[in-house]
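Engineer: Structure below; questions to follow.
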């Protein structure tokens, strides 16, 4: 056992390969068994490879496996194309036999349909593969064949040399780099092989297209010699058209990775178009006696159909008109009845409304009369009350006025008596006293001091009596009698 435990650890920590990589795992196990028998001293002295080396190796292995799967898919698609080409040829042969077994009729109509059929097929195939097929394509196919043979010989040589070379070590860095380079070369050689196989598949497609073109040309020549023009021939030819178009569409979807197959199919369609043209030219040169009879028969049938259509058309036109008139009449009758009922109802409503209005007016008049009577009664009572109040007021006013007059007379009498007394006193004072005019802020007290020498209450009272004063109020410019 070797001491290189790190390689075992790195191996175990990687993901487990799927069933598609069993061959690769067997080769790795063989390499590891051979490495175990080598010297352990050299392995211990050398450095360990980087961790990413095994990842890169795994990626290269996955790429090679993917290329193998793509190559297998391309081979299966080529086989399917070959099988479909065989089925197309069988359908075309069957359609030719069916046209031979049909009875001839309507000679002028079928060539036109066949020309349209072949022209449509040629136009559709030209649209799907617009590039024409020329001698350059043939020259390119020859060159591709030579290049493919060269690549195949180179790849075989490289595989033989690789099988003779000894297998490298996995332990050292230099050996690891050499192994990665060798495996990269292996990948490139496998890619060259895949490309060469693709070129071979393109050549197979071209051969298939040439075969179909030959079959189509033979069919066109055989159809040019025959006179099958029945309606069943049309249906059979339509079915053949649909089958060929479906097959062509399937071939287009499957021939996405093979460029030269479309060109081969275009050549086939060109052959079909040429056959159709030759058939139409041969059919145009034939007599048209039966066609004239069929046209006359069709014209008579057409006139009979027109007469029947006219008769049926008049009946179809009259029936809806009569039905429409009846419906309109019924609607008019029902409408008139509805209008009459509506008018009668409106009249009755008007009469009822007028009666109601008259009753309301009479009620309003009665209520207005009652209200006026009540108002008159209330006004009369109010007037009587007012008159009574006025009479009582007048009486009270008269009594008061009489009392006032008596009071006024008594007051007047008192005033006269007082005036007389005052006059008598003044006369008495004027006969024996003096006069003084009030100036400034003089009062009875000061005037008494001025004239009597003292302002005693007795002196002041004398002045008051002499002048008829009740209080101490005097004004400027007033003349006062001093007794």
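Heads up, the Cβ atoms here are built off N, Cα and C, so glycines get one too.
Reproduced below are the annotations present in Swiss-Prot:
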- 1-40: compositional bias 'Basic and acidic residues' (COMPBIAS)
- 64-85: compositional bias 'Polar residues' (COMPBIAS)
- 103-118: compositional bias 'Basic and acidic residues' (COMPBIAS)
- 126-160: compositional bias 'Basic and acidic residues' (COMPBIAS)
- 180-199: compositional bias 'Basic and acidic residues' (COMPBIAS)
- 204-222: compositional bias 'Low complexity' (COMPBIAS)
- 230-243: compositional bias 'Polar residues' (COMPBIAS)
- 244-256: compositional bias 'Basic and acidic residues' (COMPBIAS)
- 275-294: compositional bias 'Low complexity' (COMPBIAS)
- 296-311: compositional bias 'Basic and acidic residues' (COMPBIAS)
- 358-395: compositional bias 'Basic and acidic residues' (COMPBIAS)
- 400-428: compositional bias 'Low complexity' (COMPBIAS)
- 434-482: domain 'LysM' (DOMAIN)
- 1-311: region 'Disordered' (REGION)
- 14-34: region 'Elastin-binding' (REGION)
- 348-437: region 'Disordered' (REGION)
- 317-337: transmembrane segment (TRANSMEM)
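Help me see these features in their spatial surroundings.
Structural biologist: Sequence-distant contacts of the compositional bias 'Basic and acidic residues' (358-395), counting only residues of its own chain at least 6 positions beyond either end whose CB sits under 8 Å from a CB of the stretch, are absent.
When DSSP labels each residue, the compositional bias 'Low complexity' (400-428) comes out as 29 helix, 0 strand, 0 coil, counted as helix, strand and coil in that order.
Broken down by DSSP into helix, strand and coil, the domain 'LysM' (434-482) contains 20 helix, 8 strand, 21 coil.
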Engineer: As a quick check of your reading of DSSP, tell me how many residues in the compositional bias 'Basic and acidic residues' (358-395) are helical, how many are strand and how many are coil.
Structural biologist: 38 helix, 0 strand, 0 coil
Engineer: Mean pLDDT for the domain 'LysM' (434-482), rounded to an integer?
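Structural biologist: Over the domain 'LysM' (434-482), the predicted model scores a mean pLDDT of 87.
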